[in-house]
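K.L.:
Residues or ranges marked as domain 'Major facilitator superfamily (MFS) profile' in TrEMBL: 15-484. What TrEMBL lists as transmembrane segment is 12-40, 52-73, 80-98, 104-125, 137-156, 162-183, 303-319, 339-358, 370-390, 396-417, 429-452, 464-484.
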Amino acid sequence: MVFRKPPDGGWGWVIVVVSFFTQFLCYGSPLAVGVLYLEWLDAFGEGKGKTAWVGSLANGIGLLASPVCSICVSSFGARPVAIFSGFMVAGGLMMSSFAPNIYFLYVSYGIVVGLGCGLLYTATVTITCQYFDKRRGLALGLISTGSSVGLFIYAALQRELIELYGLDGCLLIVGALSLNILACGSLMRPLESPSSPPPEKTCVDKVPDQYFVYHEKEKTAEENISILEKGYIDEKCINNVPDCKQESILSKNVLSSINISEKDTYKKKVVEQTNFCKQLAKRKWQLYLTYWKETMVLFKSKVFSALFVAILLFDIGGFPPSLLMEDVARSANISEDDYYMPLISIIGIMTTVGKLILGILADFKWVNTLYLYVTTLLMTGVALFAIPFAKSYLTLAMLSGTLGFLTGNWSIFPYVTTKTVGIEKLTHAYGILMFFAGLGNSLGPPIVGWFYDWTQEYDTAFYFSGFCVLLGGFLLLLAALPCWNACTNQSSKLPPNTYSYKVASNA
């Protein structure tokens, strides 16, 4: 497929709008799942840890399956994937309204909705990058706010729908709203040249076709041999029965000599095909070996290894508040009269603000993006430690806003990854980091829920979450210090394209 040069405008702004609404519609309910979490606790009577798996799977499975999502978008295109994923998200939400137990929700809401969101995220980012080059950062920043706005609106919307129509009615209505993703997906027109000629077949495609054509010829020749042989033998057997067996042998020799040139050609083609398959398998194996060698080179960088640990620990400890903050408020016996706005809505709107402000700060040359990211991690850890001391709606709202703002560090994470490994290895490194981020998203809320089931209070759970985030932040800070890099460079030389933060921070 041949693509035109990105227009940086025109229909691209339509792509930005529909991608914004796509992320708004698909991520609104999974990110605001904390409202549904309370209802599932009351409806099924399961433990907090077991119930938290539903929301954690919905938010983590898309990141865990990011390699599969990328392959699907590359193979089928953004528009078909977006339309298909719209059916997945809407169907999963509607099926969840008929869930008889928590295990059904693991599949319908956790896996089906989560995988649909992962596919839609990959499709929206891919199609936006195709339409924008110079303004790609602005376009990606605009569509990424769709999920945060969805969190803000869906938290209040789902709460209101539950009061009016119950949990089942809420999921049905939210699922029906998600069908609008189909209309958004249909507008994701691929940026390809209509006059481009169809691509020629590669050698991989041509060789089997040649083989099958020749195979048919060989089969026809063998049939002709058998027909001639049968007719010649029958005639001789009728005239002279004793010589029938001898004539049959002679006829086989004569007829086989006629076809000897075609058989030689066939053998030559088989040998060529076998050698081609061996070379292809060898090339694939070399690609796998190269991938693992490049992965090992990435982990030889102290900063990247620390970044890998930091993102895993951050998602284990930093994601649970967006899911469990509503239950924290209920456990603190906060009156509904003092409940002016859902805490999850505050997290959502402040996440949008955080993405914009931190993204703007990262563009300043005098700002070290890695140290900025480390600062957000350390402040997040301190805010998590403060949650057990919050006993009023006002203090919980302030902490929710702080955590939401700091969670906006997702907008600068690609900057940090690029500075750490270089633009050449960004795709490889970012895929690895996102996989473990999804793992942290999936494990964080159940771990916090299990702590509650064990201790019957959230204090220990949030101390654990704060410790995880602080540990990741301190490890990343230690790895990024110039003195540590100086000692590392004296003992071992970094491989090409591997990042030395002391040098890059001055660029």
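Going from the start of the chain as shown, residues are counted 1 onward.
Including glycine, each Cβ sits where the backbone N, Cα and C put it.
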K.L.:
On the 0 to 100 scale, where does the mean pLDDT of the domain 'Major facilitator superfamily (MFS) profile' (15-484) fall?
P.N.:
78
K.L.:
Taking the transmembrane segment (303-319) as reference, which of 339-358, 370-390, 429-452 has the most Cβ pairs under 8 angstroms?
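P.N.:
Per the Cβ count, the answer is 429-452.
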K.L.:
The transmembrane segment (52-73) vs the transmembrane segment (339-358): three or more C-beta pairs under 8 Å (separation of 6 or more)?
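P.N.:
Counting Cβ pairs under 8 Å, fewer than 3, so no.
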K.L.:
Can at least 3 Cβ pairs under 8 A be found between the transmembrane segment (370-390) and the transmembrane segment (162-183), with each pair 6 or more apart in sequence?
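P.N.:
Answer no, regions not in contact.
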K.L.:
Is the transmembrane segment (396-417) in contact with the transmembrane segment (339-358), using three or more Cβ pairs under 8 angstroms as the rule and ignoring pairs under 6 apart in sequence?
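P.N.:
When sequence-distant Cβ pairs are counted, the transmembrane segment (396-417) touches the transmembrane segment (339-358), since at least 3 lie under 8 Å.
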K.L.:
When each of 137-156, 162-183, 396-417, 429-452 is checked against the transmembrane segment (12-40) for Cβ pairs under 8 Å, which one has the most?
P.N.:
137-156
